[in-house]
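Visitor: According to Swiss-Prot, the record shows the following:
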- THR179, ARG318, ARG322, ARG353, ARG367: phosphate binding site (BINDING)
- LYS230: N6-(pyridoxal phosphate)lysine (MOD_RES)
Amino acid sequence: MNELEFHPHADRRTGSHTMEYQHLGVVPVVSAQANSTPLGGCTLSDGVIRAMGDAARFHVDMEQLWQAAGSFLAEATGSEDACPVTGAAAGMAIAVAACVAGTDGLRVQRLPDPGDQPNEIVLQKGHSISYGGAPLAQMIALGGGRAVEVGAVNETPRSHVASAVTRRTAALVYVTSRTHAVHRKGVPLDELVAIGREHGVPVIVDAAGEGGLRRWVASGADLVIYSGPKMLGAPTSGFICGRGDLVAACRAQYSGIARPMKVGKENLLGLLQAVREYTAVPEEQRAAEQLERMTKLAARLDKIPGLSARTAQDDSGRTIYRVLLTVDPAAAGRSAATLAEEMRAGIPSIYLRDFKLHLGQLEVDPRALSPDGEESVVRRLEELLLDHGGAPTGMEDAR
C-alpha cells in the first residue's frame, strides 16, 4: 500500500511526514477520538504552521514576547492577564505554585517546598483525574501544594467542601471535563466560587479541552487553564488566564518550577495564530458544520453489517457532534472492545473514542479527523465487518 493512501495528513507532494515516521519505525495514526496528547495532540492548519516557521527565523526578547502574548490571550478570554505554558498539566502545577508562593522570589525558588505557606488544595474526589497517567495530585505537589480530596467519587455535599477550607488552604480546584471528572451530585462551579469568595481563597479551573474561551473566566474563577491542542488547534502549549495578580504570580514561576514548562517562540506564535483562527469562526457555525459532516458519515457507517450508527451530541451538552456506533456482537462477529483493538492494529492505526465500551459502543470524533481520515475509518470498518454480510458503502452515500 502506498504511504500516501494510508496516512491522512501526508504531504501530497512528498509524503515526507509519513516517510519520516516510517524511517523511525513508527506507525502513522488516524485519530477519531479527538485531539489527544498520547496521539500527538492535533494536526496544524497552514496558518499555524506558517506562524511557527516565521517565529523560527528570528530572535526575540522572550520576556517581551511572553508579556505581549499574555495581553493577546487576556483580550481573547476577557481576563485581566494570561500566562503561556506548555500544557494543561503544567498549567495546574504553575497555578498552584502561584497560589502558594505568590511573587516572592525566595519562596518561588524554594518550591516545591512550601515552607510555612498555606498549601492545601481542596478538590472534589470525583475531580481527582490524571493527565494521561500523571495524577492531578502530582501536578499539585509539583507546585508545592498538597491535594485534599473531599466527598465521594459519586457525591460531594457542599458542606464537605466548605468544611475542608482552613487557614492552610491555598486554593480550590475544579475540573470541567465530563469525560474524565465526575460531576453527578457534586458541587457546581458557581457554588465553589461562592465558597472561595466567602473564605478569600482563589478558585483554579482546569478547562483544558473546553471551547467558549470567555465562559470560564466569566464564571468568577480566579485562574482558568486551557490546553492549546485540545480544542484550539494549537501546537503543544496552553495558557493560564484570570486575575491579574495571580497571573503575575504564575509568570514569576518561570524562575522556579516553571523553568522547564515555558513555551518557546515557535509554539507560542503557533498558539496565538490558532486562537485567532478559532475565535474567527462562530461557535454555532462550527457546530452546524460538524453536525452535517457527522450526519453524512453516520449514514455510510450505518450500512455496514454489525453496526448501528447515528449522530450524538457530547453528553455534557457541549456543541460537539460525533458518530455513535453501537456494535451488535452477533452480527459483527466480535465485541466493541475487540473491534476497537482491530482498528488500532492495522496501518494506519485507527483510534476510535472508546469511553462507552461498557455499553458496547464506540464513537467517531470529528475534531482531529481529516476527510482522508474519515475514508480510512470507513474503509477499515468495511474490511473488518463485510465478511458478515452487506455491501460496501461507496462515496456516493456521503453525497
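Numbers run from 1 along the shown chain.
Every residue gets a Cβ built from N, Cα and C, even glycine.
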Visitor: Among the binding-site residues ARG318, ARG353, whose Cβ has the fewest other Cβ atoms within 10 Å?
Guide: ARG318
Visitor: Measuring Cα to Cα, how many angstrom lie between THR179 (phosphate binding site) and the residue listed as 'N6-(pyridoxal phosphate)lysine'?
Guide: 13
Visitor: For ARG322 (phosphate binding site), write down the residues of its own chain that are at least 6 apart in sequence and whose Cβ falls under 8 Å from its Cβ; none is a fine answer.
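Guide: Spatial neighbours, sequence-distant, of ARG322 (phosphate binding site): MET294, THR311, ALA312, ASP314, ARG353, GLU363, VAL364, ASP365, PRO366.
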Visitor: Using the recorded phosphate site (THR179, ARG318, ARG322, ARG353, ARG367) as reference, state which further residues of the same chain have their Cβ within 8 Å of the centre of those residues' Cβ atoms, listed in sequence order.
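Guide: Here the non-site neighbours turn out to be GLN33, ALA34, ASP314, ILE320, GLU363, ASP365.
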Visitor: Can you tell me how far the Cα of the residue listed as 'N6-(pyridoxal phosphate)lysine' sits from the Cα of ARG367 (phosphate binding site), in Å?
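Guide: Between the Cα atoms of the residue listed as 'N6-(pyridoxal phosphate)lysine' and ARG367 (phosphate binding site), the distance comes to 9 Å.
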Visitor: Around LYS230 (N6-(pyridoxal phosphate)lysine), how many other CB atoms lie within 10 A of its CB?
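Guide: Taking every protein chain into account, the count is 25.
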Visitor: Under a three-state reduction of DSSP output, how is ARG318 (phosphate binding site) classified: helix, strand, or coil?
Guide: coil
Visitor: Consider each pair of residues in THR179, ARG318, ARG322, ARG353, ARG367, all listed by the record as binding phosphate, and report the largest Cα separation in Å as a whole number.
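Guide: Largest Cα to Cα distance for the phosphate-binding set is 16 Å.
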Visitor: Helix, strand or coil: which one is LYS230 (N6-(pyridoxal phosphate)lysine) in, per DSSP?
Guide: helix
Visitor: Please report the number of other Cβ atoms within 10 Å of the Cβ of ARG367 (phosphate binding site).
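Guide: 19, counting other Cβ atoms within 10 Å of ARG367 (phosphate binding site).
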